[in-house]
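K.L.:
This is the structure, below, for whatever I ask next.
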Amino acid sequence: MPRSHAIEKYRNFGIMAHIDAGKTTTTERILYYTGKSHKIGETHEGSATMDWMAQEQERGITITSAATTCFWRENRLNIIDTPGHVDFTIEVERSLRVLDGAVCVLDGSQGVEPQTETVWRQADKYDVPRIVFVNKMDKVGADLFRCVDSIVDRVAGKPVCLQLPIGSEGGFKGVVDLVAMKALVWEDDALGAKFNITDIPADLADKAAEYRTKLVEAAVELDDDAMSAYLEGQEPNEATLRKLIRVAVQQRAFHPVLCGTAFKNKGVQPLLDAVVDYLPSPLDRGAIKGIDANTEEPIERKPSDDEPFSMLAFKIMDDPFVGTITFCRVYSGKVESGSSIVNSTREKKERVGRMLLMHANNREDIKEAYAGDIVALAGLKEVRTGDTLCDPLKPVILEKMEFPAPVIEIAIEPKSKADQEKLGIALSKLAAEDPSFQVSTDQESGQTILKGMGELHLDIKVDILRRTYKVDANVGAPQVAYRERISKRVEVDYTHKKQTGGSGQFARVKIVAEPTEPGAGYSFESKIVGGVVPKEYIPGVEKGLESVLGAGVLAGFPVVDLRVELIDGAYHEVDSSALAFEIAARAALREALQKGGAVLLEPIMKVEVVTPEDYTGSVIGDLNSRRGQIQGQDMRGNAVVINAMVPLANMFGYVNTLRSMSQGRATYTMQFDHYEQVPQAVAAEVQAKYA
Ligand SMILES: Nc1nc2c(ncn2[C@@H]2O[C@H](COP(=O)(O)OP(=O)(O)OP(=O)(O)O)[C@@H](O)[C@H]2O)c(=O)[nH]1
């Protein structure tokens with residue numbers, strides 16, 4: 001089957017908003033008007049909590065699916081879920097990676113709120129074109145112009161109104177369309193499906209003329225011909241004006257602002273028109289960069305069906321009907337179900353089995369997918385978020401998403417056997433969905449350990465375990481994941497000898513242990529010549545060495561950055577065994593760690609604080625008091641961006657401190673950067689606590 005829509009008729013976009021601005025309601029209305037959802041659900045009705053998963057089940061539609069396809073004016077819209085918890089780089093990154101544009105929903109009575117500020121700045125960082133929808137115009141206190149001001153004041157955006165409200169608060173009836181210079185007035189039917197196009201009401205004529213001029217002046221800036229025509233008194237016609245606004249959005253020259261009330265069903269259809277008219281298609285966004293998997297040379301893949309096939313897995317989810325599904329964005333070429341592809345990130349072959357297109361309330365099996373498509377694949381063997389899947393003959397690795405190792409951990413203990421079972425199932429699902437979340441078992445205590453990227457990250461996982469999976473458990477305090485490393489080269493000669501009645505045990509090993517480059521990991525090499533340690537005993541040596549790595553001699557943390565060589569040894573014809581060599585190697589390495597001047601390493605986080613200028617001094621002072629090193633300070637829009645390296649151990653509870661320090665207006669993101677030696681005084685404290 002050929003592609004149903006030309007690639008220029010695709011809009012892959014996300015809807016971003018502060019909590020409660022109306023993202024869910026707006027999405028639902030979009031799905032209703034595009035004809036895919038048959039009833040309009042009311043969010044939060046009959047439910048005191050904001051448990052979106054439960055709500056979603058009640059409503060039986062997939063609005064929190066990672067992507068939903070719908071159609072408007074013969075265009076194909078893929079709405080990509082932009083996660084609410086923007087504290088996690090990975091969550092934001094993976095959706096910003098695959099969307100081409102965004103709609104930013106504001107609460108008309110609140111304007112830009114803290115979370116909007118955060119997502120807006122993230123979108124700035126990733127250069128995402130966007131339009132603004134000021135929602136809740138029916139609400140008491142709603143004010144379009146105040147919202148517009150807040151876009152300037154709080155995020156240094158460049159808002160330009162494309163509409164003006166007709167009526168206010170409870171009397172909000174529709175909008176003046178400043179592009180067509182017409183009024184759109186909704187009929188008061190419950191569904192808002194119908195609106196009438198009329199002349200602009202007389203009482204709004206002056207205001208409309210004023211804002212029309214602002215719009216036209218901002219638009220003609222983008223084109224010399226349009227500008228000179230305008231200076232000669234000729235306004236651009238409607239088609240030209242739309243074209244110029246489209247250019248403005250793509251170049252981030254300004255941010256068009258629309259308004260309405262999703263809840264009262266007004267203003268959503270023009271929003272859909274704006275998505276089609278102004279947000280970019282994959283073609284507008286151009287080629288994606290990657291590296292050739294064979295030569296490692298940088299290459300590009302153009303958004304075209306004629307290019308070699310490539311796609312990026314951006315979300316793995318558990319689907320109640322299909323099981324585990326992998327959401328992928330196709331960047332180039334096409335793929336058919338049944339074809340063989342390769343996961344170039346992991347060098348693993350895969351077969352495309354079932355491919356699905358997710359709609360609001362149904363899923364459609366498809367046989368082919370083309371450049372620009374967002375598809376859900378069922379039954380892939382070994383794909384993780386961020387992997388590239390592609391043509392095995394032309395393997396490419398698309399720009400990677402980085403997933404740093406977890407640096408913080410908590411122990412979790414289920415209260416009953418039933419909880420234990422639920423916990424196991426829930427954790428395997430959570431770990432598959434989020435590559436920055438890991439689960440392990442503590443060998444000594446048998447406890448389940450959850451590892452993640454920060455306090456908040458783990459808090460939310462625990463919350464999901466409790467609320468969604470109903471696991472009742474005790475949770476320990478968060479701990480820093482320290483590591484240990486030796487600081488000098490040492491040689492140890494160790495002989496294990498035991499004579500108990502019959503056959504004895506004998507093994508002698510001589511090892512060299514030395515520190516390596518940070519991040520090089522652990523390596524072992526046997527330098528044995530002439531069979532002084534027979535080959536069959538070498539695995540025993542390796543096993544013995546590895547058994548020590550999990551818990552170092554300082555405070556029992558994993559040992560890293562270590563290279564061990566076996567340089568000599570001896571055996572006994574009768575008494576030697578793999579086990580004897582294992583015991584000898586273990587003791588030898590323990591001794592080496594003792595003698596090697598082991599030091600404690602701690603995770604250092606790269607912290608980015610975005611704060612209104614007024615709080616810069618206190619934010620920096622506070623970071624310094626946390627053993628932080630300020631790396632730099634910059635302006636982004638009208639906010640100050642402070643970059644610092646801070647030990648994770650001193651970042652617990654930071655979210656609250658920052659909130660109270662800035663009246664909730666500063667935000668931060670934190671990401672693991674590297675491990676660094678713990679200063680002596682601090683190390684002594686840590687050792688006293690853990691050893
Ligand atoms: N008055 C009014 N209320 C609205 C409007 N849109 C949404 N709401 C209400 O605002 C509340 C939040 O709406 P949601 O659509 O759930 O907002 P959200 O941004 O998805 O919120 P979270 O899912 O909690 O992040 C609900 O009670 C809605 O009914 C609107 O246009 N006018």
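Note that Cβ sites are derived from N, Cα and C of the backbone, with glycine treated the same way.
All TrEMBL annotations are machine predictions without curation.
From TrEMBL, for reference:
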DOMAIN    8-283  domain 'Tr-type G'
BINDING   17-24, 81-85, 135-138  GTP binding site
K.L.:
Near ligand 1, which of the binding-site residues A17, K23, T82, M137 are found, taking a Cβ distance under 6 A to any of its atoms?
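P.N.:
A17, K23, in sequence order.
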K.L.:
How many other Cβ atoms are found within 10 Å of the Cβ atom of M137 (GTP binding site), counting all protein chains shown?
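P.N.:
There are 29 such Cβ atoms around M137 (GTP binding site).
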K.L.:
In which DSSP state, out of helix, strand and coil, do we find T82 (GTP binding site)?
P.N.:
coil
K.L.:
Give the helix, strand or coil assignment DSSP yields for M137 (GTP binding site).
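P.N.:
Note: M137 (GTP binding site) is coil by DSSP, not helix or strand.
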K.L.:
If I restrict to non-local contacts, at least six residues apart, and a C-beta distance under 8 angstroms, what lies near T82 (GTP binding site) in its own chain?
P.N.:
G14, I15, M16, V92, S95, L96, L99, A102, V119
K.L.:
Restricting to the chain of K23 (GTP binding site) and a gap of 6 or more, list residues whose Cβ falls under 8 Å of its Cβ, or answer none.
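P.N.:
Expected: I15, M16, A17, V105.
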K.L.:
On the three-state reduction of DSSP, what should I expect for K23 (GTP binding site)?
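P.N.:
Going by the DSSP assignment, K23 (GTP binding site) falls within a helical segment, counted as helix.
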K.L.:
In which DSSP state, out of helix, strand and coil, do we find A17 (GTP binding site)?
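P.N.:
SS state of A17 (GTP binding site) = strand.
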K.L.:
Just to verify: the residue among A17, D20 with the fewest other Cβ atoms within 10 Å, which of the binding-site residues is it?
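P.N.:
Least crowded of the binding-site residues A17, D20, by Cβ count within 10 Å, is D20.
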